């Protein structure tokens, strides 16, 4: 930003524009700060948000452009113009009347060399780089800038969150907790539609799959409305489990289903697998131990008009498999119906695979009729192993009591944390597992279990 300011023959030297972006042209050498905004030292350590304390005037480069060429100039300059929340890129230049406007540029534009090739110089537009005094307020700052200014120097700045309807869900670190209410207010200010900010205060409850949370800012309303893959879900976010990062995985599994398939959802939650499967035309038997999830699952079935396709249960997963599922399977297998079993409880689902051992031992005649139509299982798990795919297959095989190498597929769902992956292992239930008597000795099963124990 070292170019000198030269008078324009048509315009006076001062300039102003209405609102927060008002400023004036200056002859002073502008700051070379590439970040444009440096917060006043007084805001460091602030715990109660004072928006006025962030107001500052900075100097940015600008081009004086004939009014009739402004749109062409904006198109030609593309990413070279100033990109700042709530700031107009085109402002009035006092003394120019309606003939010329100032186009504000990115602060990194220091000379006419930066705009070479845009074609503006050929039109006589870019004869000089001018300087414009821009008044920035809290409203023009990004959340990262505000938080970086407030938190102690060197501390991590957390502005990321998961959004669930109107709720922003954060996972703050210990050193950020003294500033948690300010952080919550900033997140709410900077994200339209967010009216509630919460912080996770413990790990997910392994029984009901929800976590305790603290309200940081906004209204204490935890009933969220979420639209995922074209469907509407409603639930109390504080009492059920919902992960917006799993939208793609829900769609991946549902895309494998055909109309008239049957889906058995062992840990259904509020219905992110069950409801779209039902909309696809599948008959769904969905279960969740959490009474709140069970209630919202029924509610979401109603609002998406699939109650005739969804039968809901409020049981322990093992009781669900060895009760309603065992009762349903014989007729489904005789009819050669395609059955998919979804087990999305990554922390524990693999442990429930032993529920399939001898599940239909009391129905030996079904084994002949069901050749090639046994259920397809999609079981989710976390792994911290260096070889996560091998790890989940080995553990699934041990719980099931049958080899899965070469007869299963493993899909990497997402990275949950450093050295922690979420995976889905899919396989067809082995016939020898489902129809084997529980009392029947199995050297293979014993070997698998011993391998896991070691």
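Just so you know, glycine gets a Cβ as well, placed from its N, Cα and C.
Fair warning: this is a prediction, and the values are worked out from it, not measured in the lab.
Per TrEMBL, region 'Disordered' is recorded for 1-37.
Among the features that TrEMBL reports, compositional bias 'Polar residues' is placed at 13-35.
Here TrEMBL flags 161-431 as domain 'SAM-dependent methyltransferase TRM5/TYW2-type'.
Taken from TrEMBL, the feature S-adenosyl-L-methionine binding site covers 250, 288, 289, 316, 317, 344. Sequence-distant contacts (6 or more apart, same chain, Cβ under 8 Å) of residue 344 (S-adenosyl-L-methionine binding site) comprise 265, 267, 269, 273, 378, 380.
Just so you know, the Cβ of residue 250 (S-adenosyl-L-methionine binding site) picks up 22 other Cβ atoms within 10 Å once every protein chain is counted. Minimal Cβ crowding within 10 Å, among the binding-site residues 288, 316, is found at 316. Here the Cβ of residue 317 (S-adenosyl-L-methionine binding site) has 22 other Cβ atoms within 10 Å, regardless of which shown protein chain they belong to.
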